[in-house]
Amino acid sequence: MATYSNAVSVATFTALGTIIGYLGAEIAYKFGTAGLWKGYCRGDMLGTAFYEDSGKHYLVRLGKDVGQQKAARSGFWINTLDLVDWRLGDKGSVLPRIKGDDEASGKAVEKVRARRPVFVLTLSRHTSWVCRNSGGAVGGDIGGIKCRYFIGLIVSETITLTVGIAVAIVWHSYFSLWFLAPLLVKILALVFEVNRESIGLEDKAPDPPKQDETRGKEEEIPALIEAFCICETTDIRNGFFLIKGPSQLVLQFFRHYGHPERYRKGIRGDRVREISSMIIVIFAAMIYPSGLIAFIFASQQIQWMWLGYQLYTILSMHLYRFCGGKWIGTTERWIAKELENGKAVCFGDVNGHKVIAQLETIGIVEKVVDGRKIINQWLANLHPS
């Protein structure tokens, strides 16, 4: 998300040159247990750093039929809905609070254990007509490398580079080169990033014909006849989520969207990218211990600079974890912000594939049973008997 607040957050919380040895070792260990070192198309990437297991589940509803609970290997839209600030209305106004018996004193008292939204997210296929009439346009991060990715990496290591430049200018020391290591590792990780499965739009819907908007002849707009499904998430801690749309379009976001591609061979193939990425993780884990040893031989002033940098990055790392830093600058956060504004979002990847997403809040509930009632009523209205 290209905003100043995101740039500041990225620069503040995502420096790499601190203690990540345990994390790096854990990631490398999962590579081994998943069998990714064994060879071409060997092992399972699910649950590793290549493709995180969302740990979430969903139910598929086809018409009035409810399918079995399934694991959501990709939690893209679930994570997006988790990030939506449902306390804000379409105009950014906070929803009214529940007031207690002491209303006369001017104090608002919450009398419930938890409030949850009931969301309905509608996904539809991209057409030029719909995209022109949608609100925000969000570019995904699957596909070729863009210039803004490198800019983001440089911003993420602003603090590190600043300290390195200060060491080079003030003390004219070669130890300043160490502060380039985190950025170089990130650039290598970007260059050797694995290719991922993008949005599948094999059966693209046709554009509606041009016509006078005042005529309103809906029968002239062709409809795409295909299976329609509703996916209901089973984890209700952050709300009740329903995601509906053409089954081929919707289900890919629960199954394989974003999974690394592994079929290309050769020097520029997918296997080379896999191995390179795993080695880069090991290099990243070695940045801190290499500095710990190297700076023993530095002057005391430079050692103090390095120590101050480490204290800062360790603090920012903890804040990153505790304050939801995982989603800083992500596509999910970007889409969530657009959906909060009541806009129909045109979401696409760099390959030109696009999906229209629109969010509707059908209720804010204080009890789980109330959420179930709203969902059942909504489904009954959708499929009247």
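Using N, Cα and C of the backbone, Cβ positions are placed for all residues, glycine too.
Curation plays no part in TrEMBL annotations; they are all automatic predictions.
Here TrEMBL flags 6-25 (among others) as transmembrane segment.
Sequence-distant neighbours of the transmembrane segment (149-171) (same chain, 6+ residues past either end, Cβ-Cβ under 8 Å): 7, 10-12, 14-17, 141, 177-180, 182-183, 186-187, 190, 299, 301-302, 305, 309, 312-313, 329. What TrEMBL records for 149-171 (among others) is transmembrane segment.
If one looks beyond the transmembrane segment (177-194) by at least 6 residues along the same chain, the residues whose Cβ comes under 8 Å of a Cβ in the stretch are 15-17, 50, 145, 149-150, 153-154, 156-157, 160-161, 163-164, 167, 260-261, 270, 272-274, 276-277, 280, 283-284, 287, 290-291, 294-295, 309. Here TrEMBL flags 177-194 (among others) as transmembrane segment.
Residues or ranges marked as transmembrane segment by TrEMBL: 275-298 (among others).
Under the heading transmembrane segment, TrEMBL lists 304-323 (among others).
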Problem set entry | Positions on the same chain near the transmembrane segment (304-323), where near means CB under 8 A and six or more residues out | 12-15, 17-20, 159-160, 163, 166-167, 175, 179, 288, 291, 295, 298
For this session: Please indicate, using numbers and ranges, the residues of the same chain that are 6 or more beyond the transmembrane segment (6-25) and have a C-beta under 8 Å from a C-beta there.
Result: 152, 155-160, 178-179, 181-182, 185-186, 281-282, 284-289, 291, 309-310, 312-314, 316-317, 319-320, 325, 328-329, 333
